[in-house]
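Just below is one structure, and these are the notes that go with it.
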Amino acid sequence: MPVTAIVGGQWGDEGKGKVVDMLAQEADYVVRFSGGDNAGHTVINPMGEFKLHIIPSGVFYPGVKCIIGNGVVINPDVFIRERNELISRGVNVSNVFISDRAHLVLPYHILLDGLEEEARGNKSLGTTRRGIGPAFVDKYARMGIRVGDLLLPEYLRERLEYVLECKNQILTKVYDAAPISLDEIYETCLKWGKELAPNIRETTHIIEEAISQDKKIIMEGAQGALLDPDFGTYPYGTSSSPLAAGGCLGIGIGPASVSATLGVFKAYSTRVGGGPMPTELLDKTGDTIRNEAHEYGTTTGRPRRIGWFDAVAGRFSCQINGMTTAIMTRLDIMDILPKISICTAYELNGKIIKYFPANSGELAKCKPIYEEMPGWLCSTKEVRNYDDLPEAAKAYICRIEKLIGCQMSAVCIGPSREQTIYK
C-alpha cells in the first residue's frame, strides 16, 4: 500500500516539516489531514527558509500534488496570504488543492477564541487564539461552514444567517461584544470563494484514484500525539486528532491503506502553552537548549518550554500511532551538553509507574525518574554517515530506541535537507 503517515511523537514542533520536505521528493501526493493555521512547519531548502501554517510541505516539488484534507480547518485569509507569498518567492502552487469538505475558520471563531481565553483568566489553556478550537466546536455542533459552501451563494447566506443568530447572542449577551454583520461576513465569504475557486476540489475521489494507481502518498500530520483530544494531556491539547488514525478520517481513506507510520521525535522535549510536562527544565540547562535551538513558536513566537527526552511519553506515542519507524531531529543541539538525561519512568504518589496517566492533574504530580548518559561535546552538524557519529551520540539514540520500542530510520543534525543521516 502506498500511504505513509508522518506524525509528531511529542507535543508538536518536532520537525515534521523538514521530514516531509525530505521525503516528498519521492512522493506523488502530500496531504495535510488535521489542525489549522495553529500549526507551523519550518522548511529550509535551496529556495530559502519558509514558515508554512496551512499549505502542505511538499509544495516545493513541482511534480507533487498537495492537498489540504477535510480534517483541516481553514482560515481563507491565511491560506491566500501564504499562497501569495510562495508565488512571490517563485514557488509553483498550481498543484495545491483544498477539500470542499474542509471547514472554515471565520471571524467570529477568532473573536470567540480570544474572549474565551480571557474569561478563563489564570486557568487559560494557552491556545493560539486563531479560532481553531471554536471552528472545530462548530463542526461537531453542526454549525460549521465548509469550503465548498463558498461556491454556493444562496446556501451560504442561508447558513450564515442561521449561525450568526446564535453567535451574536453569545457575543452580545455573554461577552458584551459587538455583533457580527451578516452582510459584511457574507461579502467577505463571496470574495474568498472567488479567490479559492481554482483550488477547491472533491479530494476524496482524487485520493481514491491515486491509491488505485499505486501512487505514493504522504499524510502530513500537524501538532503531536501528546496533544490529541483523546490520548493527550486533556484539556491542554488540540481540537483534532494528530494521530495516524486521525489521518484516515482527515483525508478520507480506510486504515488498511496506510502501509507505514513514521514518528518524528526531537532529541529533547518541547511544549508551547499550558499543561503538564514532567521533564520540564526550569533551570540554566533549559535556557541553554532554548537559546541554542532558537526554540520559539513558528505560529505564536512564544518561547517553548524545554525538557529532557520523555521515554514514557514516547513509548505511549509509538503505541497509539502504531509507529513502524521513527526519525530523531535536532540531535546536534545536544552537542553542547556534558551530560544528558532520559526519563525512563515516573514516580506518582510514591509509586514507580511506566505508563502515561490519562488525568492531567495526575501527570502534573509525576516526578521523572532519570537515567543519565554522558554527552559527546563535539559538533555533529557535518557528520553524514551514522557510523561517524560520536559513540556517546549513538548510545543515546540506541537507548531511546529501546525505551520507546521503535527504531530510528534517520537522524537530523541540522535544519537543511543535507543535514540528515540515514541508518
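Placed from the backbone N, Cα and C atoms, the Cβ positions cover glycine too.
The IMP site recorded in Swiss-Prot includes D13, E14, G15, K16, N38, A39, G40, H41, T128, R142, Q223, T238, and the single candidate from R83, R290, R302 that the record places there is R302.
In terms of local Cβ density within 10 Å, G12 ranks first among the binding-site residues G12, G301, P303. Across the structure, L331 (GTP binding site) and H41 (active site, proton donor) are spaced 18 Å apart at their Cα atoms.
In this structure the alpha carbons, written CA, of G12 (GTP binding site) and Q223 (IMP binding site) are 4 Å apart. Taking Cβ-Cβ distances under 8 Å and a sequence gap of 6 or more within the same chain, the neighbours of K18 (GTP binding site) are T42, V43, I44, T329, C412, P415, R417.
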